[in-house]
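Asks: Mind having a look at this structure? Questions to follow.
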Amino acid sequence: MGKKQSPEFREKVTVVLKLLCILTTISTSVSIQQEGAEELISSSPKKWEERVIEVEGGPESIIWIVQLSDLHFSVHHPERALDFKKIVGPALKMINPSLVLITGDLTDGKSKDLLTMKQNEVEWIEYQNVMEDVARRSGLDKRIFYDLRGNHDNFGVPEIGGSSDFFSKYSINGQFGRKGNINSVTVETGDRKHLFVGLDSTMSTGVRGPTNLFGHPTDQLLAEIDSQLSQWDSQKGKPTTKISFGHFPLSFSALSQSQKSLKDVFLKHSISAYLCGHLHTRFGKNLKRHHLSNENFLSSLEFFQLNMHPKPSESAKNCSSQAPPLKEFWEWEMGDWRKSRAMRIMAVDKGHVSYLDIDFKTGTKTTIVLPTFPLDSRFMLTSSFHQMYECQHMVPLSFETIRCIVFSISPIMSVVARIYDTRPGSPHLIMETTMAKFVRDVSRGDIYAAAWNYKAFEDPSPDRFWLQIEVTDAMGRSTLSELRPFSVNGLNAKISWTWKEFFVMGCQWAALYYPIFWCAIYLMLSILVIPKICLIFSKEQYSYKTSICEKGLITCIAWGLQDLCRIPVVCFGILGYLIYLISCPWLIGQVFTDSENRGYMTYMGWVVKTFKDSEKHEYIGSPDIMVVVLSHLFSVVIPSILVAGALATERGIYKEHFLSLSGKKEDDDDSSQKNKRSVKYDNQGRGISKFLFVERLFRKILLVACLAICWKHFMNCRVLIKAYEMNPLLHFPVYSLAIPFLLAYAVYKTRSIQ
């Protein structure tokens, strides 16, 4: 047996145990505090300080950036990457921007015949190598480059971080660990902050093209954009200019699940501009759109904006310093590198935003001139500018000089500003002044300015006065800036879209898809069902005779449609086909780059298995599938119904003509009124047959139309076969064969009058 422990010993042991407990608690507490501190640091506003670029060198009142878009590097077109490497590096060295934004479609992802669209790793490796070379040649820090994912960079990518997601591996953002769909950076000078918020609104599950055309902002994405655009709002002091950049124009951006849009967020924060790409230059050079908050807008304007400038709201002038800013912003789509070799320089001069688009198709530029004030009256924030000018105490000192930035590989000898007055009818020079350079010990670029009396150029016409700047370098070369209209009192010069520009910028296609689809469906159902009902239940029967006698458009249409109903296989066949299009899958195709898992497409989108839950299905790619759905309805189905009806009508006319020539008239009764109508019909019928129905010429024209429809349909099917690796007999037999069969049957049934 052991010795009995004394009370003193037990007390000492108790004290030691308590000390151990205290030390363990302190250690655990310190560890928790350290982990909490690290978590706080990672989620605190300090994370934004890592993305704040403090501009070194003067002048402090101005910054400029470069935007490039739609590079489309392709293994089939190596000249795109070669030209980019040769031109962009030296150009960036000359321009020396604070940021370089590359707004999507970095690679092409298309086969040589342009029909198969999926990721190609070779193109991504080329993109990475070219950007390394451009950063080295330009002498710029690679961290100021921000690139975004476009729809081509998302073709067939089932999930972010997957084996076919090469953007995360080879892009500049991916290399710097800029994860997520939102990346923001602030360029700060001594007197102003410039916040740039980039957004990736591509599909979360990217399908192959052509049904991958739209941006798909989610409610979460919109909330993140809202948060990042407001990150400096709580701080007093320096004003903030806010600019967002993305790939998709707003006309090609869908609504979120809660029916909110990017436009709502941008208007809330009154950003200066939204920079985007996607549309290239084949639709026009004025792919710009001014957005203005106006409670008086009609609901139809959710679908259309008829011109570049919406009608401004008539609000009372509020010159209070506490007045809320007017809610407006510009949307500026830029040209593509793919064919146009385009680059944009955008400057923010004391809060005034201006830009210049450069075309490098003709080669490199030795001198570039960007006027920064006065602003181009076609593309400025006119409402806030006009209010500022009306409230004279709000007019800043920035109005007192004409300013420009000059980029050149040679020393500049002189810069001259000229102002022209167009009131007499032809421009004549009214002011010429030499501009002086801002002299600083450390300068980021050549900024020139000249004093002027801006009040002398007040005018109710926004395009009366025009500005042009001439720069002469040491080699004696003269460079002229674009001749631009300006308005110091904030009135905007109107520019009308061409029909192509309106088609892609003025139409909100995501909102228009379902109305257009259902209008087309109801139209076709009406054409097929209503005449059949009238034929069954109405005593009034329309024929060639009644249409000739009454000469009514409605009578002629009713007669033609009833003749179509007399071919029941065609009529009910097309009706059944429409029901199939509404209720059944159209296609079964391979929608991802590598996976063998196929999805099926309906008019509402693609249904595929998700990767988070293999049992769950979801609709994706809507309204992107409109390029297949609407094209099929308007170029194949509707023309087929009309041509089938015309074939039936032609047979009816030919039958009446044949009976009249053979003497077997069907109106030989004792009614004198009917005899008169018969003579009238016979005379007109013979006249028409003389021109159209001798040898059934009209039928031959309709047969050519049938061949054209079938050719268009088979070309559409060929595109889909290549795009989604399908067999028309296995994967979309009803879609591919129904219309040709029904047209062939209509041609067969109308070949004779029997």
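A Cβ is built for glycine as well, from the same backbone N, Cα and C atoms used for every other residue.
Sharing the record's features from TrEMBL:
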| type | residues | note |
| --- | --- | --- |
| DOMAIN | 64-281 | domain 'Calcineurin-like phosphoesterase' |
| DOMAIN | 364-491 | domain 'TMEM62 Ig-like' |
| DOMAIN | 514-733 | domain 'TMEM62 C-terminal' |
| SIGNAL | 1-29 | signal peptide |
| TRANSMEM | 512-537 | transmembrane segment |
| TRANSMEM | 567-588 | transmembrane segment |
| TRANSMEM | 625-648 | transmembrane segment |
| TRANSMEM | 697-714 | transmembrane segment |
| TRANSMEM | 729-748 | transmembrane segment |
Asks: Given a Cβ distance threshold of under 8 angstroms, which distant residues of the chain, six or more beyond its ends, lie next to the transmembrane segment (625-648)?
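Replies: Long-range Cβ neighbours of the transmembrane segment (625-648): 210-211, 213, 509, 513, 516-517, 520-521, 523-524, 527-528, 560-561, 563-564, 566-567, 570, 574, 577-578, 581, 586-587, 601, 603-606, 699, 702, 705-706, 709, 712-713, 716, 720, 735, 739, 742-743, 746-747, 750.
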Asks: Work out, from DSSP, the number of helix, strand and coil residues along the domain 'TMEM62 Ig-like' (364-491).
Replies: 20 helix, 57 strand, 51 coil
Asks: Averaging the per-residue pLDDT over the domain 'TMEM62 Ig-like' (364-491), what integer do you get?
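Replies: Looking only at the domain 'TMEM62 Ig-like' (364-491), pLDDT averages out to 87.
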Asks: Applying the under-8 angstroms CB criterion, which one of 512-537, 567-588, 697-714 scores highest with the transmembrane segment (729-748)?
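Replies: Per the Cβ count, the answer is 567-588.
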